[in-house]
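If you check TrEMBL, you get these features:
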{"type": "REGION", "residues": "1-64", "note": "region 'Disordered'"}
{"type": "COMPBIAS", "residues": "19-54", "note": "compositional bias 'Acidic residues'"}
{"type": "COMPBIAS", "residues": "55-64", "note": "compositional bias 'Basic and acidic residues'"}
{"type": "REPEAT", "residues": "170-205", "note": "repeat 'WD'"}
{"type": "REPEAT", "residues": "359-389", "note": "repeat 'WD'"}
{"type": "REGION", "residues": "513-566", "note": "region 'Disordered'"}
{"type": "COMPBIAS", "residues": "513-523", "note": "compositional bias 'Basic and acidic residues'"}
{"type": "COMPBIAS", "residues": "525-535", "note": "compositional bias 'Acidic residues'"}
{"type": "COMPBIAS", "residues": "539-550", "note": "compositional bias 'Basic residues'"}
């Protein structure tokens, strides 16, 4: 074998600091260094070492000059995380968000003021003008007036807001929660998915009855829907590129489609599934991937149907799909190409969208209204909730835009404004808030209820013990219940009046999953989440101070079931 020449020269390393007189943060090390330098017995040795080091540096500089190598500069200066410049810093300081002076307001994205003094923060409906429906006097408009308008009442009923935590499971999942779904017939069952691909089944009336299936998917479970023919079957789409069909009682899972049959071949070919919905009339599961394509899966034959269809810009992620509840052939999609698009499934082809709804940044979600299907609400990273009052009218511009804080950095499940399925006026949505607020010295992230017809903040619900962000929220289709996923934990909210009646029979129950005794779900915690996972618990497991009634906290092992795929 040929001998390899060892490298004898290295580039010069230059360390930059904020100031020339900057002191070390560790005072003890500085004092020790000073004591060593003042030692008379070591002065001669230090002088000799300095001379040798100077000669070595000169030699290295000469070699670098000959070879044309530039010195490596290591900067220790404080840099702004937003604009990457020195001299200032931006971000959260406690419950206050400090804006970067080089950028516009972080909340409304407009120049001239900061987030603290933003008028939209003081009044969410600031600048929102309730617009009357734009009439087009065409045939579709006539159909809407005759067949759908009578379903939407002209007088809005009083909103019922679940604003008190009734029960919870702390550290239920081993990674952050990504999606929630209520059982279609059993009012007490809540399903949840997490970043690790696990599927949780929780009976929140009995609190302790909870199960986690860990072998269905290998990474993020992004979406799940119940089978309309069998309420014991759940379809799920994951970032591992598979669509699964799982029996909730046995945990046995069947793979309906796998976009990565050859395993990992690199990031340029790995397909991940995000958006998902069901078309019960045609027996189809529609899923969308990270390359802009939609795939159709026939649930009767458990196989893929037809070819993949490009519905968004090629190479961009399609994060949401939703079929119209009244006319299921009408499909709404949204993605990272800054568009939400309307499609007719009966003639679904590339570049055949009925209409494109433009946004300025990534669209996290887009949903039809739950009863009439005539309205659209979208959530975009530009801190805007956009509302279209009628899909039969002019869709070029939204009826109104509502400024709301949900522009996050990373390591969070995207925020989505979701309808209240029980609201007959189709005007109430729920969405988590990113920017924290100062409540009695604690930095809390409320869950907001917004009236999209006026842009008014109806209610902001919070608990002084929940200090993490709650980006995943789901309102119950039949009961006055809100389920929220915050970090690895699940919370059930009920209205205070009803909560007090229930608490007369049984106190609130907060179950803490003890993973020291049960390590079946995973070894590590979700380190990429916004903050710690010890909701309702302090550093040493003590209850945080709260004015509300103390919950009954029970520490129990978190059961899990690992079933092999059939």
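Cβ coordinates come from backbone N, Cα and C, glycine included.
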Do any residues of this chain, six or more beyond the ends of the repeat 'WD' (359-389), have a C-beta under 8 angstroms from a C-beta of it, and if so which?
107-109, 131, 133-134, 144, 148-149, 151-152, 319-320, 322-327, 330, 332-336, 338-340, 395, 398-407, 414-421, 424, 426, 429, 431, 450, 452-453
Within the repeat 'WD' (359-389), residues counted as helix, strand or coil by DSSP:
0 helix, 16 strand, 15 coil
Mean pLDDT across the repeat 'WD' (170-205), rounded to an integer, is what?
94
